[in-house]
Amino acid sequence: MRIDHLELLNYRNYETLNLSFSPEINVFIGQNAQGKTNIMESLYVLSMAKSHRSSNDKELIRWDADYAKIKADVYRKYGKLPLEITLSKKGKNAKVNHLEQRRLSEYIGQLNVVMFAPEDLNLVKGSPQVRRRFIDMEIGQISPVYLHDLLTYQKLLKQRNHLLKQNYGKKSIDDVMFDVYTDQFIEAAVKIIRKRYQFMDLLQKWAEPIHQGISRGLEQLQIRYQPISGLKPEWTSEEMASFLAQKLAEVRKRELERGLTLVGPHRDELQFFVNGYDVQTYGSQGQQRTTALSLKLAEIELIKQEVGEAPVLLLDDVLSELDDYRQSHLLNTIKGSVQTFVTTTSVEGIQHETIQSARLFEVSQGTVKE
Ligand SMILES: Nc1ncnc2c1ncn2[C@@H]1O[C@H](COP(=O)(O)OP(=O)(O)OP(=O)(O)O)[C@@H](O)[C@H]1O
């Protein structure tokens, strides 16, 4: 898939912007704080209906404006697909083919993007929450059902926590609603866990050879998805559900002491091992970067396989950070098959042949010149 044309209205520091893109590589060059990331972010919002760097949609609206609009002509295998997102202080709405979508979970997935930005190092270095967000966003892109199940799970978690808080400090809960929520919570949790296992298997399958390639055969990457300790991936849903019920019963007393649900996918962990050791703790900065890059490249392959089309790749301020070998590896992987957007403060760190074949845009104070 590819983005042919982009229109922004009152988006961050762009009052209006109209751009046509190359189906191959597009490079945005400009000093700091001119609006390069804002363009990448707008493409991300167009895909995921939310920003990768802000959870507050109001920040995306240009100061003093009431609403912001992102419009694009996307080309999929079957033809042109106009997409549109409007963000206002009251909320957001999304259109596909000029038709408003009732649910954002139905909108997500029309355009697939893979973004690689400096903060993606946090995927390896950061808290488990960052990794859970990564899993959710990536599975969500290829599975609207997962997004739906995740929303159900989060709602039930909130309701269950609410009752735990209401009964805070007690020895037990005598409330039928709590048992009902717990049963529904377990059912939703099992769906999430099963889907995460499936996704991790695919991610492992693609990331391992990619990581070997980038590390010139020296490193073996292993991804370990660790839901509730003791749970086995080969179990049936019923077996998982009864295991979860047992675990929840075991921690009930502590849950009441804390007013919180202590077992479930909201506490899952994802770990990365290189040659058998945990990269988060023992990996060098370079190994952590290679791991993050392998995961991103694996996502491209995974989306290709699951969706049947390559996603769009957004490289925000990272290409010039990669050494020559990693840069070549990345560019060879995407060559000719993945539409790519790159931002950089200078073309110096980027390979000459990439710059020569790319469409170049100069970004300065909210204006873009080709
Ligand atoms: N809601 C908004 N309304 C108007 N301007 C905004 C808004 N949000 C951010 N900006 C402006 O956008 C600019 C930052 O743009 P952006 O984050 O795209 O920088 P950049 O060109 O990627 O730079 P860097 O290389 O430092 O990341 C700043 O000048 C900031 O003041």
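Every residue gets a Cβ built from N, Cα and C, even glycine.
The model shown is predicted, which means the values in this text are computed figures rather than measured ones.
Feature list (source: TrEMBL):
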type	residues	note
DOMAIN	3-352	domain 'RecF/RecN/SMC N-terminal'
BINDING	Gly30, Gln31, Asn32, Ala33, Gln34, Gly35, Lys36, Thr37	ATP binding site
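Distribution of TrEMBL features across the structure.
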residue	record	contacts (Cβ under 8 Å, 6+ apart)
Gly30	ATP binding site	Lys36, Thr343, Thr345, Glu362, Val363, Ser364
Gln31	ATP binding site	Thr345, Ser364
Asn32	ATP binding site	Thr345
Ala33	ATP binding site	none
Gln34	ATP binding site	Val363, Ser364, Gln365, Gly366
Gly35	ATP binding site	Arg12, Asn13, Tyr14, Val363, Gln365, Gly366, Val368
Thr37	ATP binding site	Arg53, Ala117, Asp316, Asp317, Thr343
Task: 8 Å Cβ shell about Gly30, Gln31, Asn32, Ala33, Gln34, Gly35, Lys36, Thr37 centroid, ATP site members excluded - done: Asn38, Thr343, Thr345, Val363, Ser364
- [ ] Enumerate in sequence order the binding-site residues Gln31, Gln34, Gly35, Lys36 whose Cβ-atom distance to ligand 1 is under 6 angstroms.
- [x] Gln34, Gly35, Lys36
Task: Lys36 (ATP binding site) CB neighbourhood, other CB atoms within 10 A - done: 25
TODO: Tell me, roughly as an integer, the mean pLDDT over the domain 'RecF/RecN/SMC N-terminal' (3-352).
DONE: 93
